[in-house]
Amino acid sequence: MEQTERERPAERGWTVRAGGREDFPAVVEVVGEALLASDEREVSRERLAPLLAEDGYGRLLLAVEADRAGRGEPSGDERAVGDGRVIGSVNAFSFRMAVPGGIRPVAGVTGVGVWPTRRRQGVLTALMRRQLADIRDRGENLAALWASEGAIYGRFGYALANSEYRSSIRVEHARLRPDAPRDPGLSTELVRASGARADLERVHATVASVQTGRLQRSPAFWDAALRDTPDTREGRSSLKAVVVSGADGPRGYALYRTLRKGEDGNRASLHVEEITATSPAAWTALYEHLFTRDLVARVDFASVAQDDPLQYLLTDPTRLATTFDDALWLRLVDVPAALAERSYAAPVDVVLEVADRHAPWNAGRWHLRADRSGAACEATVAAPDLSLDVSRLGAAHLGGNALTGYLRTGLLTEHTPGAVNLLDTALSRPEAPFCDQDF
Ligand SMILES: CC(=O)SCCNC(=O)CCNC(=O)[C@H](O)C(C)(C)COP(=O)(O)OP(=O)(O)OC[C@H]1O[C@@H](n2cnc3c(N)ncnc32)[C@H](O)[C@@H]1OP(=O)(O)O
């Protein structure tokens, strides 16, 4: 494939190489500056080091300037980066995600940043290309990320794969329906979050094994989720856990903090960082705890799925203020392998013509045949039923978006009438995808 001038890094005086633990301080400096993070790099290093160490720092990729000749003295910040200095980086966590069909390895792309005075020279493009090849070599068929800006990643084949929301309700409107499922056999306990870790892990593991989009949470990510230091509190209380249990153990939890000031004089708000449960009655019990705490005016939920249970359980769901928050970006790194390892809701037999500028091994025609017993996806020379960019497959892969939307807006081409509709039916899922894990 022909490269543009920007895509020939050697000609611009920098190269891409694998990084390691020793590069970590330089990476924190570059990404911290790129993301306009606070100047407390030590806090960032302390927060990130355990997460990166869990993966052995083996997935760091760096853009490194060959030398500083002719560039003048480095500034104070740059000096920390040193000679042969790092001007850009990308990294990835080795996650396992619940996707349609089971739990699969997924590269969780993270730590993307380019030194401000080296932007728009193709550094990210070179890093992304190398990273996609590395991810494929590791046998991961999917990559996922949370984007700082939505305009960055579409060109690299990623697409929004779901929708997640912030929601908020005033307690006087937070009445649950009389027929909301209630189980007198359940008990509810409030504790410091760190004291309930075993229960939280158990509930989370159950949910994360079945809810599409969920990541299996590792010990270091649990440490991060339960981190309760002044920088994580943002003026709120310590992190609390309310745990709902039955005879067989924990069935649901909410992690929340309180803020004892606000628009209602002395009344507080509750900020729910996570809430999940394994049974309908446990959801009801969690909401009843949150909505009946004394001195509370409002309950805010930091992140909920499109099919969040609360909207169904409220007597008046119109009182729930819901705002689009963010969404996970997904990319098929190996198109035939990702399509073959997925499950399908209905039989489908379709030839896809895929365009992929940054992962050329995906470009071409793929014959996808699937039914409820399994799927196969192989290269073909047959005429395509539809032609599309690889990013469209990322959008639809978790069942959170229909390809029909792209067809209607002219952003994919259907050669066989009805092919997109049939593929959408096969890709559809009964539940909305949700990823509770920031990374
Ligand atoms: C998963 C995560 O970690 S999300 C965090 C992402 N990081 C940040 O937002 C930190 C601040 N931003 C940066 O560090 C850089 O601007 C980056 C990493 C976003 C881009 O790095 P660059 O080296 O400038 O990208 P590169 O030169 O390869 O640009 C490739 C193309 O993307 C475009 N592009 C890059 N960044 C953006 C952006 N933020 N918005 C819109 N377009 C962008 C460029 O214009 C270019 O397009 P073109 O080829 O059509 O001219």
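Including glycine, each Cβ sits where the backbone N, Cα and C put it.
Residues or ranges marked as acetyl-CoA binding site in TrEMBL: Val112, Gly113, Val114, Arg120, Gln121, Gly122, Val123, Leu124, Thr125, Ser148, Glu149. If you look up TrEMBL, you'll see Tyr153 marked as active site, proton donor. The domain 'Eis-like acetyltransferase' annotation in TrEMBL covers 213-324. TrEMBL lists 335-435 with the feature domain 'Enhanced intracellular survival protein'. Residues or ranges marked as active site, proton acceptor by TrEMBL: Phe439.
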For Gln121 (acetyl-CoA binding site), what is the tally of other C-beta atoms lying within 10 angstroms of its C-beta? 19
Enumerate in sequence order the recorded positions Val123, Tyr153, Phe439 whose Cβ-atom distance to ligand 1 is under 6 angstroms. Val123
Between C-alpha atoms, which of these recorded positions comes nearest to the residue listed as 'active site, proton donor': Val114, Gln121, Val123, Thr125, Phe439? Thr125
By Cβ count within 10 Å, point out the most packed of the binding-site residues listed: Val112, Val114, Val123. Val123
Please report how many Å separate the Cα atom of Val114 (acetyl-CoA binding site) from that of the residue listed as 'active site, proton acceptor', as a whole number. 18
In the structure shown, with every protein chain counted, which of the active-site residues Tyr153, Phe439 has the densest set of Cβ atoms within 10 angstroms of its Cβ? Tyr153
Val123 (acetyl-CoA binding site) sits from the residue listed as 'active site, proton acceptor' (Cα to Cα, rounded, in Å) at a distance of 22
What DSSP reports for the domain 'Eis-like acetyltransferase' (213-324) is 30 helix, 46 strand, 36 coil
